[in-house]
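For 1-22, 72-86, the entry in Swiss-Prot reads compositional bias 'Basic and acidic residues'. Here Swiss-Prot flags 56-70, 263-275 as compositional bias 'Gly residues'. Annotation source Swiss-Prot lists domain 'bHLH' at 187-239, citing sequence analysis. Look at Swiss-Prot and you will find SER12, SER122, SER172 tagged as phosphoserine. The region 'Disordered' annotation in Swiss-Prot covers 1-27, 40-86, 249-331.
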Amino acid sequence: MTERPPSEAARSDPQLEGRDAAEASMAPPHLVLLNGVAKETSRAAAAEPPVIELGARGGPGGGPAGGGGAARDLKGRDAATAEARHRVPTTELCRPPGPAPAPAPASVTAELPGDGRMVQLSPPALAAPAAPGRALLYSLSQPLASLGSGFFGEPDAFPMFTTNNRVKRRPSPYEMEITDGPHTKVVRRIFTNSRERWRQQNVNGAFAELRKLIPTHPPDKKLSKNEILRLAMKYINFLAKLLNDQEEEGTQRAKTGKDPVVGAGGGGGGGGGGAPPDDLLQDVLSPNSSCGSSLDGAASPDSYTEEPAPKHTARSLHPAMLPAADGAGPR
């Protein structure tokens with residue numbers, strides 16, 4: 001093995017740049033064993049790979065102008081890495097959901113490769129924070145400052161941060177139902193149902209009583225409410241007309257004062273005059289009348305008032321059953 005002079009050995013080795021060159025210039029001389037003879041060389045021995053790898057990256061106080069050793073660089077880098085790891089999750093948790101801003105310029109990303117994720121989350125209009133403390137304060141104050149602005153769209157999307165009195169100003173029907181409560185609604189429904197049932201029972205009872213006063217050809221003929229009302233109207237009109245006819249006949253007999261024979265004949269004539277009301281009654285009570293074919297309709301309980309019908313007044317006042325005039329009798 002031949003010995004090379006230090007100058008030639010330094011020229012043949014690759015040149016160190018940056019921080020490696022500074023460390024090589026500041027390191028003390030080393031001893032090299034050549035052919036059993038120990039000689040000093042000005043060339044620095046190769047440092048450990050982990051130290052060189054950590055020192056090669058740019059960080060706070062890691063450049064040639066920093067003047068710090070490998071131990072200081074390692075501690076500073078570890079502190080910066082731990083702080084960056086602690087800062088990135090805090091930024092992601094504190095920042096509310098919203099449209100992702102545009103990425104930062106390439107120059108800022110190249111200068112801070114370890115904080116690239118942090119730079120992309122920051123707004124594009126502001127530069128990247130220089131100190132970690134400022135970045136943490138910015139990430140905490142950003143959601144509070146942008147809540148009132150239009151960055152998140154409508155303010156109604158965050159009702160817990162905004163005061164919205166629209167519900168108090170314009171209450172909806174659903175809120176009224178919630179205010180009433182289920183117990184009040186059930187009690188009101190029960191009261192309404194009982195009142196309607198009681199009213200319907202009264203109406204049905206009144207129709208049943210009216211049906212008993214209307215004579216029909218089949219006595220047990222089934223009639224609807226509409227038919228009961230129509231037959232009752234016809235029956236009342238028939239009775240009113242019959243009473244008017246009887247009153248007119250009595251007035252005529254009192255004026256004429258005829259003999260009993262003529263009076264008897266007049267009585268027969270009165271009976272003949274009473275035939276049309278009988279025919280009208282038969283027409284009203286016949287099952288083929290127009291009332292039997294009428295459609296059933298809903299009758300209002302207030303459309304009529306229950307009045308006692310006359311008890312067979314037509315039969316008691318029929319002309320054939322009237323007493324004879326005074327002085328009349330068989331001769």
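Each Cβ is built from the backbone N, Cα and C atoms, and glycine gets one as well.
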DSSP residue counts for the compositional bias 'Basic and acidic residues' (72-86), split into helix, strand and coil: 15 helix, 0 strand, 0 coil
The domain 'bHLH' (187-239): DSSP-derived helix, strand, coil residue counts: 42 helix, 0 strand, 11 coil
Mean of the pLDDT scores, which run from 0 to 100, over the domain 'bHLH' (187-239): 93
